[in-house]
Amino acid sequence: MSTVVIIGAQWGDEGKGKIVDFLTEKCDYVVRFQGGCNAGHTVVVGEEKYILHLIPSGILHKNKKCIIGNGVVLDPSGLLKEIETLTQKGVEIDNNLYIAKHCHLIMPYHVAIEEQSEKKKKIGTTKKGIGPCYTDKIARNGVRMIDLLYPDVLKNKIRANLEIINFLLKNLYNAETLDETEILTQYLNYAEKLKKYIADADILINKAIDSGKKVLFEGAQGTLLDIDHGTYPYVTSSNTIAGGACTGAGVSPRKIDNIIGIVKAYTTRVGEGPFPTEIKDSLGEEIRKRGGEYGATTGRPRRCGWLDLVGLRHAVRVNGFTGLAITKLDILDGIEKLKVCVGYKYGNSILEDFPKEIQILEDCMPVYEEFQGWKESTAGIKNYEKLPDNAKKYLKFIEDSLKVKIQIISTGQKRDEIIIKESPL
């Protein structure tokens, strides 16, 4: 098998970065296919902690080709800061990073309009301009990476967009307008620094696959934040599910061999939106502290709750997972009783399928099965047989309920704190 897609199976923050980092050792290419700098992938190598927002996690390995695909919306300023930080730490960027020509760019007016609209309609965005950038993409008004190399095209697009945006900022939001010349100068400066990375990414990826290279597709956020299949409107602005790897990188579904769902051993969510299994007492706070559940991008505390099999069954269905990776199992060490949601109570009915109506989901109560916890530490365990019996029972229940095999179990933050039951590559 030469290709694998890594997908978050919950509301993001499942620990995808570590799994991608681990699997990259066996890969030749790592491709980011959607999202923007609203994602934060944390990877710990030795004593060094890296937080990556745009560049694929594979960049931390030598001689791995990392590609930012056309499905990503890219903030040039954020990317340059990330490149600078990694370079200062001795990471080689120049020969290993490629950016799709038709990747869309986040502009200052995207950030400005999102900041203003979020004041009126609170969804819980990161205020990074992600949504407005995708809006321009769909409306066919977007600025793309390749436009940086054509100053007249860039100037005309900025001017046309500012006519609308400045009108809204001034008349609807009573906010400061933006200067066309200032933005153009800023982005032409970015062009000089980034032009060496611009490439026909889809051609590179397909040639790599066709020649037998191993390619890993790295998703951002999670299934329940998908624009179509998530808890709309409390979602991100892109397709976070496995199908997004094909559209966001330019590859055929026939070229995808494995799809791995990343599942945190409990559930977290950042920002607004329904969360049926949320733990609102001191245990929720304890899990947050143990797991370091604070956003890598915003620093916002994550809401914590029990594992939700209803949401996970939905994720299995829309992604077609061939395997699962369970993360943060060690965070549950020492908790006397564990709960797993197996259904939702809605009125007099028990729902086994994830509701598409947000108003129904908001009124759902979780139906739990309880499990005896384990007192022994699982931290750093690398052999499945050495896990406590109750931890194995917990994992077996997940596997049996979802009818998908668990291939990987993460038992800590560090790269080598991991159990491989079966390699997806």
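The backbone N, Cα and C atoms fix where each Cβ goes, and this holds for glycine too.
Feature list (source: Swiss-Prot):
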{"type": "ACT_SITE", "residues": "Asp13", "note": "active site, proton acceptor"}
{"type": "ACT_SITE", "residues": "His41", "note": "active site, proton donor"}
{"type": "BINDING", "residues": "12-18, 40-42, Arg302, 328-330, 410-412", "note": "GTP binding site"}
{"type": "BINDING", "residues": "Asp13, Gly40", "note": "Mg(2+) binding site"}
{"type": "BINDING", "residues": "Asp13, Glu14, Gly15, Lys16, Asn38, Ala39, Gly40, His41, Thr126, Arg140, Gln221, Thr236, Arg300", "note": "IMP binding site"}
{"type": "BINDING", "residues": "Ala296, Thr297, Thr298, Gly299, Arg300, Pro301, Arg302", "note": "substrate binding site"}
Cα-Cα distance linking Gln221 (IMP binding site) and Pro301 (substrate binding site), given in Å to the nearest integer: 16
Pairwise CA distance, Gly299 (substrate binding site) versus Thr42 (GTP binding site), rounded so that it is a whole Å: 13
Length of the line joining the Cα atoms of Lys18 (GTP binding site) and Arg300 (IMP binding site), in Å: 20
Recorded positions near Arg302 (substrate binding site) (Cα-Cα within 10 Å), from Asp13, Gly15, Asn38, Gly40, Thr42, Thr411: Asp13
Cα proximity to Asn38 (IMP binding site), best match among binding-site residues Gly12, Gly15, Thr298, Leu329, Thr411: Thr298
Winner by Cβ contact number (other Cβ atoms within 10 Å) across the binding-site residues Gly12, Gly40: Gly12
Recorded positions near Gln221 (IMP binding site), in sequence order, restricted to Gly12, Asp13, Gly40, Thr42, Leu329, Thr411 and a 10 Å Cα cut-off: Gly12, Asp13, Gly40
Asp13 (active site, proton acceptor) versus Thr42 (GTP binding site) - Cα distance in angstrom: 9
Thr298 (substrate binding site) versus Gly15 (GTP binding site) - Cα distance in angstrom: 16
Of Asn38, Gln221, Thr298 (the binding-site residues), the residue whose Cβ has the fewest other Cβ atoms within 10 Å: Thr298
